[in-house]
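For reference, TrEMBL has these:
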COMPBIAS  433-443  compositional bias 'Basic residues'
DOMAIN    8-425  domain 'Major facilitator superfamily (MFS) profile'
REGION    433-462  region 'Disordered'
TRANSMEM  12-35  transmembrane segment
TRANSMEM  47-68  transmembrane segment
TRANSMEM  75-91  transmembrane segment
TRANSMEM  97-119  transmembrane segment
TRANSMEM  131-154  transmembrane segment
TRANSMEM  160-181  transmembrane segment
TRANSMEM  217-234  transmembrane segment
TRANSMEM  254-277  transmembrane segment
TRANSMEM  284-302  transmembrane segment
TRANSMEM  308-330  transmembrane segment
TRANSMEM  351-368  transmembrane segment
TRANSMEM  403-420  transmembrane segment
């Protein structure tokens, strides 16, 4: 088979690291270009662009996953990475084309779906959790380091060098897939599948969501996930722009914020989560995470000083324990042969939120006229002492209206979660449920701004 060595998790790890490292470098330049391209309605346009990308990813992920079962993973790794990184060089060539290509690239920007399928091909059931954890940690590590590097290079050498470097890393990733990544799908399984038709059920992104109402407990869990992840998805799409434009953070401050938040989130999802699960139980951990999320969203919404953003960011790291705890509760509540179906519903809802959340946040910013007509001064020190000059030009009591809307949404999620029973005595029986469902059950699987995981991996052929 083409590639270097036999298929391994390390091939998948390198692909993910290079892709998101390239995009992480562009964090600061993207915020500047976004405001310069859409000076009047920056937040609205950002929400629409990310919303279209998220919805297209949600709609296309099941089909791409099903096709990769027939034609192999390597070709679709190449396809998804190419289209995800295609907009990068356009940032300096034509900003309008840059944002247009970003929005339509959502059709193929589902690298995580193919990567998790790749890992599932080459790992045993008992190894898969650790393998997914390694992929997730790599994703987090790339975003912890790259924004700071990009901000530094942009300040010293200019944004053009950062774009060239990001483009070179994206090309390196594509070349790595072409030359070094071997096919993970066994050869003996592909010829028999070449003539196999792709059923609509496999390609239907709403197939898993149609089963939501069949069980009252699952329905409560899904409502909780929807109400809590909708504001989270919107926050991911606009928060760093909010820090830059409204709170007066410098590029270096935004990069440092991302790094600190990433490190604290990793600690929260590993050490803190395990301690809480053992001490207060699964359901109470979910409630605690939702409580932290309400606090941090309210803090973001009413916060008017940079130190408030930093303090709320620490609380936001603690709120990241919610989804891993939900995944664990689902794995306990559902029978073994229903794990993939239920986890698929949860992932489908999160994918839908990745499209709706950014658009909703952008629309709320637009309604409340949260926008600026000029960029914050680049000379502003970390933390932004000139924030007062750049706060909302309207005398608004609420600096961040969408975050307060998000806090209300999560409050509803908390009330719904109170009615979820905590089942701990189910007998897990062995069955032949599809191996790809493991990608949904792993607690630390990330969800990047604008990219939805495949809802129907568990329904694929392999």
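Using N, Cα and C of the backbone, Cβ positions are placed for all residues, glycine too.
Here the structure is a predicted model, which means the values were calculated and not measured.
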Seg_contact(the transmembrane segment (284-302), the transmembrane segment (47-68)) with at least 3 CB pairs under 8 angstroms, min sep 6: no
Two-stretch contact, the transmembrane segment (12-35) and the transmembrane segment (97-119), at least three Cβ pairs under 8 Å: yes
Contact call for the transmembrane segment (75-91) against the transmembrane segment (160-181), three or more Cβ pairs under 8 Å: yes
Outside the transmembrane segment (160-181), six or more residues from its ends: residues with CB under 8 Å to it: 3-4, 7, 11, 14-15, 18-19, 21-23, 25-26, 28-29, 74, 77-78, 81-82, 85, 88-89, 91-92, 150, 153-154
Averaged pLDDT, computed only over the residues in the domain 'Major facilitator superfamily (MFS) profile' (8-425): 79
Among 47-68, 254-277, 403-420, stretch most in contact with the transmembrane segment (351-368) (C-beta, under 8 angstroms): 47-68
